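Participant: Pulled from TrEMBL, these are the listed features:
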type	residues	note
BINDING	His11, His13, Glu100, Asp215	divalent metal cation 1 binding site
BINDING	His136, His165	divalent metal cation 2 binding site
Amino acid sequence: MLKENKIFDAHIHFNDDYKYTNEMIEPMINEAIKNDVEGFLCASFDINSSKKAVELSKKYKGIVFAGIAIHPNDVSKNDFSVMEELDELAKEAEVIAIGETGLDYFYTKEDAELQKTFFKKHIELAKKHNKALQIHIRDHVDVFEAYDDVIEILKEYNLEKIIVHCFSANSIYAQKFLDLGCYINIGGAVTFKNAKVLQEAVEIIPLEKMLVETDAPYLTPHPHRGQLNEAKFINLTVEKIAEIKNVTKEEVIKLTTSNAKLIFNI
């Protein structure tokens, strides 16, 4: 069982073979544990990474947990039969979330309808297996169409355990997701010098509805920006949240880890 004085990283990609070799994973986990991190959700982006997330969660049982999904940028590379494979994987006890799934209009909107269909299938999978749903949303700066579409789709379903991964929008959209009962993941971007809008959103997000993440190997927090992100760097995110909320680091850890235990049932 997770200790509430330790950090739970609610989104990391140990299964990213493009950035991490297998030899890097165990030392990274051990180094993070030395830095008060006790658990990790290894989120996925395709069927192979989903399988690897499950493998890693079995190897590091009780420390690494699995999220399985097809990333919205990858839906055009798949047909719907891949959902049957995810359905089988979702039966594994180590799978605690369906994610990351959602809508991404940053590169193209040409496959927007296909993204929406896959997103809905992931929602149905989360409902079927009573797993948390972890959502990826991305659009251009100051464009919120993907956010609006996600919100409209979520309103079609009675889903209780929803997490908005790597939140990067403004306080208006933070409130919209809170109104839907969502939890909101805050990552390393909150430490960036140009993150004023995100920092303002963090001000209005209650710690009782917040989780923390690295999204490693991506989105390395300041002052290590530009380097490969590591699990241990989550402390920098926690410290920045504590500064913004004018609370102690320990309080941020206690509440975000308590939230993780609740939503992931771990």
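Keep in mind that glycine also has a Cβ here, set from the backbone N, Cα and C atoms.
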Participant: Excluding near sequence neighbours, so keeping only residues 6 or more apart in the same chain, what lies with its CB under 8 A of Glu100 (divalent metal cation 1 binding site)?
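Facilitator: Listed in sequence order: His11, Ala43, Ser44, Phe45, Gly67, Ala69, His71, Gln134, Ile135, His136, His165.
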Participant: Quick one: of His13, His165, which of the binding-site residues has the smallest count of other CB atoms within 10 A?
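Facilitator: Each of the binding-site residues His13, His165 was scored; lowest Cβ tally within 10 Å is His13.
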Participant: Give the sequence-ordered list of residues that share a chain with Asp215 (divalent metal cation 1 binding site), lie 6 or more positions from it, and have CB atoms under 8 Å from its CB.
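Facilitator: Set apart from Asp215 (divalent metal cation 1 binding site) by at least 6 residues yet with Cβ under 8 Å, we have His11, Ile12, His13, His165, Cys166, Gly187, Gly188, Asn229.
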Participant: Specify the secondary structure state of Asp215 (divalent metal cation 1 binding site) as given by DSSP, simplified to three classes.
Facilitator: coil
Participant: For Glu100 (divalent metal cation 1 binding site), what is the secondary structure state per DSSP, taken as helix, strand or coil?
Facilitator: strand
Participant: Cβ within 8 angstroms of the Cβ centroid of His11, His13, Glu100, Asp215: which residues besides those meet this for the divalent metal cation 1 site?
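Facilitator: Same chain, not in His11, His13, Glu100, Asp215, Cβ within 8 Å: Ile12, Ala43, Gly99, His136, His165, Cys166, Glu213, Thr214, Ala216, Tyr218.
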Participant: Tally every other Cβ atom lying within 10 Å of the Cβ atom of His11 (divalent metal cation 1 binding site).
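Facilitator: For His11 (divalent metal cation 1 binding site), the 10 Å Cβ neighbour count is 26.
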